[in-house]
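Database features (Swiss-Prot):
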ACT_SITE  227  active site
ACT_SITE  636  active site
BINDING   429, 431  substrate binding site
COILED    278-308  coiled coil
TRANSMEM  102-122  transmembrane segment
TRANSMEM  132-152  transmembrane segment
TRANSMEM  718-738  transmembrane segment
TRANSMEM  744-764  transmembrane segment
TRANSMEM  782-802  transmembrane segment
TRANSMEM  834-854  transmembrane segment
TRANSMEM  865-885  transmembrane segment
TRANSMEM  898-918  transmembrane segment
């Protein structure tokens, strides 16, 4: 039996595919079946029926926060007359909603807080501060923005949805007894741009995990896009293809999890529940040795290539000053980027390259050889076929805008169309590997369900390894993935976040959905006039939204429209007739069949090179109406947005064990630049023609709100910086945001803060995250707002006003510290950047402000401790949120907390002592009579102020 998969993003650590109790989990974190041996694999088919029935009870829920949606009201419901318990009539995934005991209070509290906040703002408007009108006006604007941004963030969370794939039903419908499958084809795109900054071993592990995934071999094709065009990347992939002939059969024989070799061999224990434990131990020892040799070859490739090239250049009589070519192992010159770059062989100037490392496998199973002297591993009962693997380095020429990752993805889309043309595409970053071998099947469940023909893409959450245990900079970001994205699944679906996303190919070609229903699974009738049939696609009865698919006609009979079989003029797709001919075949293939695999011949490869040419996209729709959208550094968000405004939906797929795992930048500088890139891209979308304010009426109203929030959140920096500095400075100036609070002020403030905390508790509950993660998320939000968000606003304003392009460096995945001594050494390596200036200033201002307040109380200028305490508490609230930032720029691991506290205390004491002992700072008032009440003058003419402050 295959490893069980369940939704919930880690909430169900021990559940089956439908949330039912699964077998006891191994200490490695995977279900027992993930470590089962050949005996378990061999018996899976014979016991499939019992396993399927046991794993797939509709409505079976094992989580206290979720309950199954009433299928009679869902767009995933079986047609009338279906038998509830019949396996063939069960959907391939089930939908859950939050229990009313959590959802109803959650919605009510949002309404209550909105009213309380409105009354609070009204009170603030009515009670002006005549002594500092600029302060009053600015604070009102800030409070209004905070309330507005909170509402933008909260409204899309009114209807969270959880979907759980049923892999048992999927296997029953699509897998056959002879080992073949009728699952649709799947092209997997992996992108890399620099084999130095993005370690080539990580890329190789990503490729190996894809080749070993549990998906029909003849339906799975892997494409690697190398934007550097370097021979190092190609030869590393060639080595990976060789090692895959051993690694992939080993994974299949013993049902290994995870199937990235680096992660697998790093497991502290390797429990095995099969019958052939001794054989497994011997096989594992052999494979481990081969993997160590493989890593040694990968790490030595750069030296080997340079040495080989020097030898060939010397043999060719290349003189000093002449271009020195980089040579392949077969004695031919590399057509891409050379080690010593020269004309036509630079990173931005080289020919296009398409090389097939592993060709299309046959449809029939191919068993491996038995154990022998030359082959110590017995693969006689294992299918040893490997998926197709293709290396692509698109052509680059000076004067052609290559559009970074978006351009690479579009080039891969065209190249894959002429080579494999699978109806579905999965994209992964090179530092992400498949952690759960069932991930591809789990994602495809959401593409093959009833009414799933309107689903454009399935987004998986991003999970990371190598993050420090305290997650100092909120790299996991589960509040966003398991909270926001899961909530959006109750509307039109989650946004596209750049990696771990499964696409329907035709959505990238500009096709529109066959139907439009913006209501979502729990509100199928929401949208009224917006829910309608756009056009009828062949193969589907359009009599009702829940119609079941009927036998589809051949792809060649796709309905002909204004532009033939294409949704827009042929010239919009480029000059390749071969590519244009693939579009109708991919436009609506039967979900129950896949195109026959065809060997990639020389003509097909030549065509793939042609469609990846640097000038191919000129005067076409690529980057605007077709493919990944250009014009922003966050091409992912705007690409998903363009699909949503056409009426397409998306789905969120969170399974356990996690589908994909990547590497996160744990260094503060790299993390800030990563957030700067994201926030800059969001603002670029806001100031472009893709502004969600002007999207089509096919966008769900609350989905539009979510996109507005995504494209405007960096503006928070302008108001947050004001609120994190002015209150502290008020201790020095004596002018405060609120001078005379009343009882109603405190009542409104208490309700606003209290409801916020309760809402956070409820959200933490249904999202399955911890309170600690919620706090960490808030802390890094403060750091990012004071640094990266502000920089993003300044950069985009500069771009809009002065028409200057924005460029970013590639986020480095290489550690700066000594990982052997400390795996988190990179966390505390200080790399100075201008993004750190603002948070440092805010920290100093709040420490100094608190010290001045303390000094004024000791000096007798202020006599009301309680009033001072409120402001000092807010200052320390700011410092608490910036503590991870301070910890990152001071000291070493384990010593940092002491260093930070000592510096804070030192600055505080020095400021207080200076204020008390330097007369000209505070004037002569401290030697006069006792301080009078607020608003009056002392005997020496110094005006006194009581302290009060409004929480933002």
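Glycine is no exception: its Cβ is also placed from the backbone N, Cα and C atoms.
Recorded features from Swiss-Prot, shown on the structure.
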{"residue": "227", "record": "active site", "Cβ within 10 Å": "24"}
{"residue": "429", "record": "substrate binding site", "Cβ within 10 Å": "23"}
{"residue": "431", "record": "substrate binding site", "Cβ within 10 Å": "23"}
{"residue": "636", "record": "active site", "Cβ within 10 Å": "24"}
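In terms of C-alpha distance, the listed recorded positions 227, 429, 431 place 429 closest to residue 636 (active site). With a cut-off of 8 Å between Cβ atoms, the residues of this chain six or more beyond the transmembrane segment (718-738) that come close are 124, 127, 129, 131-132, 135-136, 138-139, 141-142, 145-146, 745, 782, 785-786, 790, 793, 838, 841-842, 845-846, 848-850, 852-853, 856, 871, 874-875, 878, 943, 945, 947-950, 952.
Here the transmembrane segment (865-885) sits apart from the transmembrane segment (744-764); fewer than 3 CB pairs are under 8 Å, leaving out pairs fewer than 6 apart in sequence. Between the transmembrane segment (782-802) and the transmembrane segment (744-764), fewer than three CB pairs separated by 6 or more residues in sequence fall under 8 Å, so the two stretches do not touch.
For the pair residue 227 (active site) and residue 431 (substrate binding site), the C-alpha distance works out to 15 angstrom.
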